[in-house]
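Undergrad: Okay, handing you the structure first.
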Amino acid sequence: MTLILFLTILFANFAESVAEGRGKAQAESLKKTQKNMKARIINKDKATNQTKETIIDAIELKKDDIVLVKAGELIPSDGEVIEGIASVDESAITGESAPVVKESGGDFASVTGGTTVSSDWLMIKITSSSGESFLDKMISLVEGASRKKTPNEIALNTLLVSLTIIFLIVIVTLYPIASFVHVKLSVTTLISLTVCLIPTTIGGLLSAIGIAGMDRVTRFNVIAMSGKAVEASGDVDTMILDKTGTITFGNRMAAKFLPVNGVSLEELTENAVLTSLKDETPEGKSIIRLAEEQEDKDFMTPAEMTFVEFTAQTRMSGVDFPTGKTIRKGATDAVIDYIQQQGGGVPNDLKRITDEISSVGGTPLVVSEDSKILGVIYLKDTIKPGLVERFARLREMGIKTIMCTGDNPLTAATIAQEAGVDSYIAECKPEDKIKAIKVEQNDGKVVAMTGDGTNDAPALAQADVGIAMNSGTSAAKEAANMVDLDSDPTKILDIVEIGKQLLITRGALTTFSIANDIAKYFAIIPAMFMLAIPQIHVLNIMNLATPSSAILSALIFNAIIIPLLIPLAMKGVKYKPQHSDKMLTHNMLVYGLGGVIAPFIGIKIIDLIIAPLLHMIGL
């Protein structure tokens, strides 16, 4: 009995140790990055106005210190670039091998400690004190040192404590009942019964489930600032998404060639291609791609043409030929001015075509040959592939999606319909996002959103689940409760599904555990009293051999079920997008029924094995 009780406690702690072991392995790799890191601090002598470099340990850095980081050196702590431009290798943090360009000003000024400057140099102002950097937080989080119990865990613990008290009362009342019917119960037997009947299974797996949930988020290259954030993502009712970068690529792509009257589609297409053969912009490449799809052929670059690059002054690009022929593509008014200077006229249907494109949120790109306008290229902000299906899955889960965009209402409505989002906010300003979040929260909804700019910080702080991009500003990352190291706004969809899986896993295993305990109660009690009360034998449906074999079989089953469930707790219950009511019904059937059946089968098999052994030794 003592050995089995010891194994029960051991296996319960083993579940948490397995989960924490993963975190500690990740923490060790991060500590290697942090260990022995040096910083070149820049001090200015006020008397001589000269700067002086001093090499110190990175842990000695203070907020607002200025450091110089040269090519090949590690950035010692989080900060903002105040001078210089350089490529930064963030693979140690994000896992992505491609370097990222960092420069002062804008959205790419924020740098993370532990990353490496690949080229040139950067002057950085430190924005975090020692022990508070992003790398420090990551180490603390993956070690689990700062992991606190989430609200659902606290509620579940309350339920488990209540069930434990109920089962303890049952055990305590068994002693006088046993004495009354002349059944001898030892203290060891009562303790064994207590261990069998109280919810030790889910109690042993609870921490492992929570830690594994954070581990799954980490494997998606997302750092959650707390387990509460991961759990809240599973309760999300409303998602507020930026159009650009999340729903659309943010790069205008060629969608259609629209010739003016008197010009063939082939003529417009060929001239549009000539202006784009040496155009390395996403728009230029998309024009060639669209033309190749329409014409079903590859276009060759003529050797004699000269490419004219786009400038902010001309707002056009194009090609010139030795013969004097010129082809241009660009903004409508810029191309009109260009051809009018050469004596050309404006086609009657040009305004209609450009207005139609603008009305649906597109960008008209006018193409001309010498002094003649040939037509318009319709540039469209392209919806990311697969989003329509993903939004449909969210709808099945009962999650509402709201798109925020600075576009006019007509454009916003067009993109919202094409993407399949439930609602949209047109001409959206930062304060509109906060207002939308508060409206949803006042209705009792849990809200998630993504952001990367300083202007997104208030909304990220207000949201229940705020996900900041690692490429964003320090203000955004500090306001959020999650940071996406890949800076992929669409990852919010994956995070919500991970949160749902966490809650489903906990709910499924809780259902299994409680059903398990109830089944064990009805398996053991009849076997204990059937000798003293023969009439109760009818309830001994498992036909267990003796009271001793019944209790011992239940104890053994209780001990081995915990390690058997560890893989499920770590991996998570398979998740299918569906409404919570359907999910609850499914879990009750599968895990509730499974929790009832498993003890009957398991205890009976163990009883068949140990009953003869107990008989041999006289028990």
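The backbone N, Cα and C atoms fix where each Cβ goes, and this holds for glycine too.
According to TrEMBL, the protein carries these features:
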type	residues	note
DOMAIN	49-143	domain 'P-type ATPase A'
TRANSMEM	154-178	transmembrane segment
TRANSMEM	190-214	transmembrane segment
ACT_SITE	D242	active site, 4-aspartylphosphate intermediate
BINDING	D279, E283, F310, T311, A312, Q313, T314, R315, M316, S317, K329	ATP binding site
BINDING	D452, D456	Mg(2+) binding site
TRANSMEM	521-539	transmembrane segment
TRANSMEM	551-570	transmembrane segment
TRANSMEM	590-614	transmembrane segment
Undergrad: Hey, which bits of the same chain come close to the transmembrane segment (590-614), Cβ under 8 Å, at least six residues off its ends?
TA: 508-509, 511-516, 518-520, 523, 541-546, 548-550, 552-554, 556-557, 560-561
Undergrad: Restricting the comparison to the recorded positions D242, D279, T314, M316, K329, which residue's C-alpha is spatially nearest the C-alpha of D452 (Mg(2+) binding site)?
TA: D242
Undergrad: By a simple count, how many Cβ atoms lie within 10 Å of the Cβ of T314 (ATP binding site), its own Cβ left out?
TA: 17
Undergrad: Could you round the CA separation between M316 (ATP binding site) and D456 (Mg(2+) binding site) to a whole angstrom and send it over?
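TA: Counting only the Cα atoms, the answer is 33 Å.
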Undergrad: Just the number: how many Å between the Cα atoms of D279 (ATP binding site) and the residue listed as 'active site, 4-aspartylphosphate intermediate'?
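TA: So the Cα of the residue listed as 'active site, 4-aspartylphosphate intermediate' lies 29 Å away from that of D279 (ATP binding site).
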Undergrad: Using DSSP, would you call D456 (Mg(2+) binding site) helix, strand or coil?
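TA: For D456 (Mg(2+) binding site) - judged by DSSP and reduced to three states - the answer is helix.
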Undergrad: Taking the Cβ of the residue listed as 'active site, 4-aspartylphosphate intermediate' as the centre, how many other Cβ atoms fall within a 10 Å radius?
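TA: The answer is 22.
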Undergrad: Looking only at DSSP and grouping its letters into three states, which state does K329 (ATP binding site) belong to?
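TA: Reduced to three states, the DSSP call for K329 (ATP binding site) is strand.
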Undergrad: Roughly how many angstrom lie between the C-alpha atoms of F310 (ATP binding site) and D242 (active site, 4-aspartylphosphate intermediate)?
TA: 29
Undergrad: Among the recorded positions listed here (D242, T314, K329), which has the Cα closest to the Cα of D456 (Mg(2+) binding site)?
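TA: Considering only the listed recorded positions, the nearest one is D242.
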Undergrad: Using a Cβ cut-off under 8 Å, which residues of the same chain at least 6 positions beyond either end of the transmembrane segment (154-178) come close to it?
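TA: Residues 184-185, 190, 193-194, 197-199, 202-203, 206, 506, 510, 514, 517, 521, 525, 528-529.
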Undergrad: How would DSSP class the residue listed as 'active site, 4-aspartylphosphate intermediate' in three states?
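TA: In three-state terms, the residue listed as 'active site, 4-aspartylphosphate intermediate' counts as strand.
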Undergrad: Residues with Cβ closer than 8 Å to the Cβ of K329 (ATP binding site), same chain and 6+ apart in sequence?
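TA: When sequence neighbours closer than 6 are ignored, K329 (ATP binding site) has A272, T275, S276, M316, S317, G318, V335, L365, V366, V367, S368, I377 within Cβ distance under 8 Å.
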Undergrad: Which residue, out of the binding-site residues D279, D456, shows the minimum number of other Cβ atoms inside 10 Å of its Cβ in this structure?
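TA: Minimum Cβ neighbour count within 10 Å, taken over the binding-site residues D279, D456, occurs at D279.
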